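J.: This is the structure I have questions about; it appears just below.
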Amino acid sequence: MNQLMLRTAAHCGRWTAVNQTIRTNSDMAEFREIFSKARHIAVITGAGDLATPECFSRHPSRVWEFYHYRRELSLNAQPSPAHRAIAECEARLSRQGRSLVVITQNIDELHQRAGSRHVLEVHGNLFQTRCLSCKDVEINHKSPICPSLEGKGCDEKGCDGLLRPHVIWFGETLDSQILTKVEKELETCDLCLVVGTSSVVYPAAMFGPQVASRGVPVAEFNTKMTVNTPRFKFHFPGRCAVTLPAALARHESEII
Ligand SMILES: [Zn+2]
């Protein structure tokens, strides 16, 4: 984690030097003006994850216990006003022929449960398993996931492989198909929102700056500034549950 953050910080240092002309502001009226004209909005959300593949191979049952706990927490959690504002905005814009995509490091499915339809999960999903032998990925919402790992292998015919959570761990490569889709969204969006602590863990930490380097407005929503804040046009400090619904609410120019 520390190494990751240092690497990100070093990476960011170079960018900051290049982009010093940007003066970040918190002008919601200006943001709303840009929002009302945006056709393709990318919303980047979520923080990184910390388990490691080595950890799993040494202690699969302990890692599963941890993910079981996180699954139960997620199943009992409700989407926040921020999740709901993003989902509602996507539904509204799609009726107007505009789009909103969520690019998330979250693995808890709360965006989908709030109603978001176009979600790219760069760190996988808590409610999917992947077989270590045949790589088969299955959706799994069982609660509890299983009484113990004893005798609980892959369901695929002829394979009895060990299942692991289908999430990205420290040091693992992100899914290239997902990343290709993410790249396309980052290249085509005309407004980008960075929500929460997305600016901390690499590579998602570079998504916002990559959009900003094309001259596209990027707005950061979180409680405190990050190393990336100086590269963005907007920074709206405060709780996303408060700031996002206001930012994404229907604009007076929207007629549908
Ligand atoms: Zn299998």
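Glycine too: its Cβ is placed from the backbone N, Cα and C atoms.
Take a look at what TrEMBL says about it:
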| type | residues | note |
| --- | --- | --- |
| DOMAIN | 21-254 | domain 'Deacetylase sirtuin-type' |
| ACT_SITE | HIS123 | active site, proton acceptor |
| BINDING | CYS131, CYS134, CYS146, CYS159 | Zn(2+) binding site |
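Quick one: how deep are these features, and who are their neighbours?
T.: A sphere of 10 angstroms centred on the C-beta of HIS123 (active site, proton acceptor) encloses 22 other C-beta atoms. In three-state terms derived from DSSP, HIS123 (active site, proton acceptor) belongs to neither a helical nor a strand segment and is classed as coil.
Packing around CYS134 (Zn(2+) binding site) is summarised by its Cβ count: 13 other Cβ atoms lie within 10 angstroms of its Cβ, all protein chains included.
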J.: Which recorded positions out of HIS123, CYS131, CYS134 lie by ligand 1, going by a Cβ under 6 Å?
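T.: The qualifying recorded positions are CYS131, CYS134.
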J.: Between CYS134 (Zn(2+) binding site) and HIS123 (active site, proton acceptor), how far is it from one CA atom to the other, in Å?
T.: 20
